[in-house]
Structure formats: structure tokens, C-alpha cells
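Enquirer: What follows is a single structure, and I will ask about it in a moment.
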Amino acid sequence: MPRKIWTGSINFGLVTIPVGLYAATEDHSIQFHQYERGTTDRVRMKRVNERTGDEVGYNDIVKGREVGGVLVAVEPSELDEIAPKLSRTIDINTFVDLNAIDPVYFQKTYWLAPGSKEHFRPYNLLRRAMDETNQVGIATFVMRGREYLTAVRAEDSVLALNTMFFADEIRDPGELVGDASSVAKPSDKEIQMATMIIESMSGDWEPEQYEDTYTARVEKLLEDKAEGRAPEVEEAPAEPSDVIDLTEALRRSVDQARRGRGGQVPRQRDEEQDVSALSKAELDKKAKELGIKGRSKMKRADLEAAVAESQGSASGGRRRRRAS
């Protein structure tokens, strides 16, 4: 069960809905400690005086910033006095069309859950009303001493809260591209070919088909080194080629897309599939089909080995039955 990080209520009009706030995502990045090379001794960081090199106690540290060439020191108590007070309400002050908000404004996503069973009815009322009108509620609230601009929106079965950037935090993209969009205009033929490529590559959004391959490689590196095996070296990706003739590059891409749609290599039988080429979702599904026990606790390398072994046994059994 995710940990509740904030408790309060959503207010819109005269309706109040008690809710709890939960993180919608989790970070699977591998965290390393620092050690002195050749030892098992952890390395610790100390706060030291830049001029004297002496260690400084936590209570002797103040925050500060230069203003007009003068260092202004600020005490923690002074910051506490002007900090926004903890809010227990998410007061929706306006509803806007979801499509009117540029995704660049969205920062982080949280789930909002009803405070208790008796609050499900008003909770679902707000969720369904926003879903049917494609509206999101704009509100501000305070969490962990900081004021957030937020958008409360409807998902399939839950309310989501997105923290948002304020307008002055969004950088102007015009500083990067200038008037390139009006000067370097593509021809109608180029647009047509680019559209054909996009259409040939179009598909459904299936997020489970994508995985963090770098984290998986780091896990395998650690496992290999722990077991005394030589780490596998990843091949360097091919160097990107410079686009000399845009029209020719588009034409080749269109031809390649057509060949890809019409002349795909037949897929191997399931029992002969190279498990290393499977995505994590496909690997989990295959393990479930093969009835591999304890799969939920296995690391990818162990799961690959178990699936490969199970596939080999199943394939061998089928061949023996055919031969008989």
C-alpha cells in the first residue's frame, strides 16, 4: 500500500471531499554508495569552512545570498515566518478544458483517493463530471512548506493531481529556434512523404512495451561481478549519418517503411523465442504461461534463465511426442 503523503480535502463550490494524496510513480534507479577504492570503507561528506577547512556544525550554518554585491544571511526562523502555512484544502477556483493546457506545464503526478467509503459518492461525482466535460480543476495548495499550482483531473477510476510550473518558469522556445519555422519551410512533397512515414509507423500506445534497459544492465553488471563473471560489454551504437539530401532521405525511409510492412520475417515459434529479446512485460507473460513459480521475486537474468530452461523442456517434450 503506497504511503499517504498529504491529507486534506478538495473543495469546489459548496462541496467538500476528504482525500488523501499518494505518489503516482516510483523511481527504480539503482542507488550507489561511495567507498574508498580497494577498501570496504564508506566515504562520508563533511560540511567545512571554505577558507579555514574546519568542519562546521549544522546549527552554525545559515543560508545566504549575494544581493547587489552584499551577502545577506537568512536565519531558518526568518524563512519559517514567511513560508506558506500548511494547507488542508485543495480549493478549485476555476475549471478549464484539459486540451487548453500545454503538457510542458505538468510537473509531477499524484493520485487522490477518497478519505473513506462514505466519501466515494461525492468523489465519483466530481470525477465523472470532469470526465464527461473534459474539464480539469485548477487550484493551489501548500505541501512541505511550498505552494503548488495544481490541476485536478479525471482518470478512468481515480482523480489525479498534477503539480504544475508557474508561467514564469516556462522558457521561451523562440530563443532556441528563432524564425527557423518560417524561413526553412518544407515542400508539399516532403510533407507528404513525412506523413506517409508517420502513418506507416503509427500504433497503439502500450507503455508496458517500454522498459528501463539501462537499469536492467546495471543490475546484470552487479550480479555478474558478484558471481565473478566478466561483465558483458554493450556494443556502441552506430554513428548517426548527416542528412545531406532531405528528399532522398525521406524517399528511402518511405521505401524502408513499405518493405517493413509487407515483408516481415516470420516470427519464431513461441517455444523457440530468444528470451533476451523479450520486453519485461512479455517475459513476465511467458513465465506465467509456463507456470514458473516464484517469478515475481526473480530478477530479469534469473527469469530469462528459468523461461529458457522451461521452453527447452517443453519443446523437447513436444519433439519426442511427434517422433513417437
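Cβ atoms are placed via backbone N, Cα and C, with glycine included.
Okay, these came from Swiss-Prot:
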COMPBIAS  281-292  compositional bias 'Basic and acidic residues'
DOMAIN    10-193  domain 'Ku'
REGION    256-324  region 'Disordered'
Enquirer: Within the compositional bias 'Basic and acidic residues' (281-292), how many residues are helix, strand or coil going by DSSP?
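Expert: Summed over the compositional bias 'Basic and acidic residues' (281-292), the classes give 9 helix, 0 strand, 3 coil.
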Enquirer: What average pLDDT is reported by the model for the domain 'Ku' (10-193)?
Expert: 91
